[in-house]
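Notes for the one structure printed next.
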Amino acid sequence: MEELETEEQFLQYARNGDLPGIQRLLEAKTRREAQINIDCKGKSKSNLGWTPLHLACYFGHKDVVEELLKAGANVNLPNNIGDTPLHKAAFTGRKEVVMLLLRYDACATVINGTAQIPKDVTQNAEIRSMLEAAERTEERKLEEKLLESAREGDLSTLSQLLNRKKPPDINCTDLLGNTPLHCAAYRGQRLCALKLLKSRADPNAKNKN
């Protein structure tokens, strides 16, 4: 099979919710009878820059979405205007698809080309609540990572976190009320402490002791 033709067919199956067609091409890929990039991006007017996962999410084909995710589709890959599959599912109000994407670690805080995260593009209150909860979970994970990198003196990770478009709260606290700056100072992690101070960490924050 010609690669481009096969990928165009793959995109069409995803758009139309044709699960048997998707399964057939994925099996052909496994048997090396077809060369398909599961994250291929459309080149025609109707699907330009969209992956099969974007299309299946936008049109609400939950079974196809699940099949693609199981086969290793990139859940956070943006299209040409920065929308992830989660943006597309949220925009068209596909609640079950949104839940499925979150189960596969879709990021609820990716900013698209119009400076919107997935919750900003939905009109559905239930989806918005789900995305806000996912956002809080993600934010807390990043805060814990920041606290840990300050504690361990991992300057590279600490810098990466602080340089994100939407960095974690630099004055977040652990269970004892310690900020990343406290953690770095207590452990003698001088370079991390300096980086935090340069990034405007509050030197006067109090912990619970």
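Glycine too: its Cβ is placed from the backbone N, Cα and C atoms.
The repeat 'ANK' annotation in TrEMBL covers 48-80 (among others). Predicted-model confidence for the repeat 'ANK' (48-80) is 98, expressed as mean pLDDT.
Positions annotated as repeat 'ANK' by TrEMBL: 81-113 (among others).
Marked as repeat 'ANK' by TrEMBL: 176-208 (among others).
Sequence-distant contacts of the repeat 'ANK' (81-113), counting only residues of its own chain at least 6 positions beyond either end whose CB sits under 8 Å from a CB of the stretch, comprise 49, 51, 53-54, 56-60, 62, 65-66, 69, 75, 119, 121-124, 126-127, 130-131, 134-135, 138-139, 165-166.
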